[in-house]
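Following: one structure in structure tokens, then a few remarks.
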Amino acid sequence: MTQSRARALLLTPAGLWYAAMLLLPLAVVLIFSFGERSAIGGYAPGFTFEQYANLPARFAAFRNTLTLAPVGTLAALLIAYPLAYFLAVKVSPKWKTMLLVLVIVPFWTSILIRSYAWIFLLGGKGIPALLEVIGLDDVRLLNTPFAVLVGIVYGYLPLMVFPIYVALEKLDKRLLEAAADLGTPPWRAFLQITLPLSMPGVLTGSMLVFILLMGEFLIPAILGGGKVFFVGNALVDLFLQSRNWAFGSAVAVALVVVMLITVGIYTRLVKRFGASRDDVGLM
Amino acid sequence: MTDATTTHVPAPEAVAEFVGATKRFGDVLAADRIDLRIRRGEFLSFLGPSGCGKTTALRMLAGFESPTEGEVLIDGRDVSAVPAHKRPVNMVFQHYALFPHMTVAQNVGYGLRQRRPRLPKREIELKVAKALATVRLADFGPRRIWEMSGGQQQRVALARAIVNEPKILLLDEPMAALDAKLRGEMQRELLELQRSLGITFVLVTHDQEEALAMSDRICIMGKGRIAQVGTPQELYDRPRSRYVADFVGKANIVSGQITGRQGGLAQAVLGNGVKVVLRDEPGDDRTTTEIAVRPEALGLAARDSAVPAGTAVVPARVTHRTFLGDHTEYLLAADGLGQMQVNVPRQAERALGGHDVGALVHVLWPEGTGLVLAVDD
Ligand SMILES: Nc1ncnc2c1ncn2[C@@H]1O[C@H](COP(=O)(O)OP(=O)(O)O)[C@@H](O)[C@H]1O
Ligand SMILES: [Mg+2]
């Protein structure tokens, strides 16, 4: 069989899947976004830019998403990196598997249930009650951006930990000995060797978490109490509650565009940062 | 042992010294009371089979392991507490351990960039260029590591180490991953480099030919201990133990009763009653010893041919004959001694004729051939 035929055969299933499940719905959404809301809700055909002109009405949702998604990604990264480093470098092989399993254990229950647990923890009888004991009265945590941040970092942490762990795990320890041999104290070797060589894991994890956070709606709905909503919540509202499909579609298109732009900038930065051949990323 | 470490006087000509250096990994005794002086400017090899502690010894010099007992000295100073990054030695790692995210030039300049206070950029560039030229990679500076072949990577590793002008260059099986032809080439280059730089080289290898070809002195190791230290010739001509005799070249080992000794020679009766005269171990007074004799030191003759005066003969039967060009290797079943090997030079065989498998022959043992082994093991 020729190279090109083998390639075509390999790519056909994925190609068909993407055409049916990604491009087609996107096309539908794009068409809807130029239409209007029919009198009884849903979609009425048309060609107008009115929906896009209305986008500023959902400014808050975009603002929340575009601040909390990057901040959440960064917070997850700052927590995940030391943890992944500890698991990959410091833990003895005996404990490693068990600790790795512990990192995934939360995935065994639905994020819905775990987020409800956070309602209790952040609510009046939870952490604020503890804070009162040490004299900090009237601390409100639930239904704040902070609660949403805690929720998303908690929910997506394992997705950040694993790619970084894999990158650190496969890092050749002899490189650190070589660095020491050439006169580098350990902390500097971390900055010059470990950190750059674990970048593929950092980039993969960040991309993964960031993209998922941009579309998040469950955690803001539960822990934000309708006060801290994401674009995802706006979409749920527009499609399921107010049944304004045309406007909902315009919001969805805007989200896709924003996502493409941010991911594009990110990829550009990554390329400039260091084009090492064994960079594995989502790019 | 504590005595030795507290009263030890460093030798001025030694660039480094192991004094009763012992390293344990749990139950494993990787290095066992190593005492060794490494002379300034010499090419020293640690030779021994896999797992005998060569790398451990090297790593104690580099600072990656600290001795459980004893001391390691560099320039007369105990460095047991000095971390690797502060030691004036550099290492060429077994699999090179080049930094994959840096170019060839960045790899080579890495050590120079770690100096504090910082070296001027220009000076680093010049030194890197010089080091790359030394290993014949002058134009390869901007290349990526993965674009380099195995042999080239090895030279990058070499350049990365020598650019720092270390007091000692440590090499851990640097040629193990190269093919035979490249290895020979690299050995010559390494030797030239060592001569021109005047740096002390310490090489770890399990390849006796490599050690013999390159070293001023060889330290033969077995089971964490030093078996013998000496020049290649000394080790070949005067192995002190069966282990060394077997490891450097080939040797017939037989046991014998010493019946008299004088003037550096010993008379011995072999297990089968044959009387031989061999080189003695000075100061030895054992009566039962092991005797080593090299296959090329012995001769072969038909049973009916005349025997030169002073030459002992051992009756034997030829079991294998292997023609190897410049010499022929005979394996024999010797009466009362078991298997023996005799190598006959092509010249001699042409003059006197060969022997077929099954032929009954005499193994000729000239006077003064063979050696009393100093150590039983
Ligand atoms: N870090 C270590 N942990 C446990 N055992 C080790 C370690 N390093 C070496 N050893 C053991 O010490 C012995 C000597 O090893 P090494 O010095 O690497 O031998 P060589 O280099 O001669 O092959 C071996 O039995 C090896 O398994
Ligand atoms: Mg080794």
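Cβ coordinates are placed from backbone N, Cα and C, and glycine is handled just like the others.
Those TrEMBL annotations? Automatic predictions, nothing curated.
Some features that TrEMBL has for this protein:
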DOMAIN    A:62-266  domain 'ABC transmembrane type-1'
TRANSMEM  A:15-35  transmembrane segment
TRANSMEM  A:68-87  transmembrane segment
TRANSMEM  A:99-121  transmembrane segment
TRANSMEM  A:146-168  transmembrane segment
TRANSMEM  A:202-225  transmembrane segment
TRANSMEM  A:245-267  transmembrane segment
Legend entry - Two-stretch contact, the transmembrane segment (A:202-225) and the transmembrane segment (A:68-87), at least three Cβ pairs under 8 Å: yes
Inset, instruction - Quick one: find which recorded stretch in A:15-35, A:146-168, A:245-267 has the most Cβ pairs under 8 Å with the transmembrane segment (A:68-87). - result: A:146-168
Legend entry - Any contact, the transmembrane segment (A:15-35) to the transmembrane segment (A:146-168), with at least 3 Cβ pairs under 8 A: no
